[in-house]
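These features come from TrEMBL:
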- 1-47: region 'Disordered' (REGION)
- 14-43: compositional bias 'Acidic residues' (COMPBIAS)
- 112-125: domain 'RNA polymerase sigma-70' (DOMAIN)
- 281-307: domain 'RNA polymerase sigma-70' (DOMAIN)
Amino acid sequence: MSEEWVEQEKENIDGEESDEESDGEGFSETEESPAAEYEEEEDRYAPPADAVKTYLRDIRRSTLLTFKEEVMLAKKIAKGDEAARQRMIESNLRLVVSIGKRYMNRGLPFSDIIEEGNIGLIKAVEKYNHRKGFRFSTYASWWIRQSIERAIINQSKLIRLPVHVVERVNHYLSHVEDLVQELGREPQTDEISKKMKIHPEDVDHIQQLLRKTYSLDSPIAANKETALRDVIEDTSQISPITKAEGVRRREDILRWMSLLKDNERQVIVLRFGLEGDEPHTLEEIGKVFGLTRERVRQIESSALRKLRTIITEKTIGPDEIL
């Protein structure tokens, strides 16, 4: 399957959604397409890896709903109408693709991202309360993102963190889910802190931890096989023998980092928390150096481009890095 073709299809889906939006949160009414029949719930809405190309083409024919239609379907779903439930799901499969492509290259194949996103969509359909006054797309977006992010966490190296930290993250996600259901939208930091009975700073800490997990899984090599976390030593998991064998490679990595300009190296260290600190936002880094958020972003982009070039030229692979 051509990766370029798949990427183009995802762009087409995004473009069509933008053209058909009736406001910032919803979609306009279009012609209804017949619902597909499948044997199992998972197979019904989740394409296998070798069927993504066909899947992306097929869902472009799906119906986009007006708010009036969403309310009508929600009422029927509440009464157990399976046909209404299925239509609500199928009419929002394109939303999953639109959101899902933002999570590419973070540890999950795109087909898995779609599958996890569709699981979140199904939950949203089952929990949606139209009386809150929010468009379904606004409500469902959070469930789709959280389903994908949970899968990335499980797939990534978060397990390398202490058990109590993992439990705290899961505790946070559970409370946020409750708030989304209660409010019909994504909650603010102060609302989360009140719900969890913790300080807002603690909420920020958990959110930074989640961002760190995702950002470290982002690739920096041109071949997309080497993630930033792969060039960070994890002393809690590496045996003395393994560390000894990897000294030369780590020296290479440190030397490559030294090829960056001072400001580039400092931005990367702060942005990804490479020296044991929590990752910083662009705004936080800007305050440290007296720069605008946009200028910090430019420095970060320049530094990552240089690292990609360096790693590509050295043909370094994830199996070579300790």
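Glycine is no exception: its Cβ is also placed from the backbone N, Cα and C atoms.
Keep in mind that TrEMBL annotations are predicted by a computer and have not been checked by a curator.
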Taking DSSP states H, G and I as helix and E and B as strand, how many residues of the domain 'RNA polymerase sigma-70' (281-307) are helix, strand and coil? 23 helix, 0 strand, 4 coil
Let's see if you can do this one: DSSP helix, strand and coil counts over the domain 'RNA polymerase sigma-70' (112-125), in that order. 14 helix, 0 strand, 0 coil
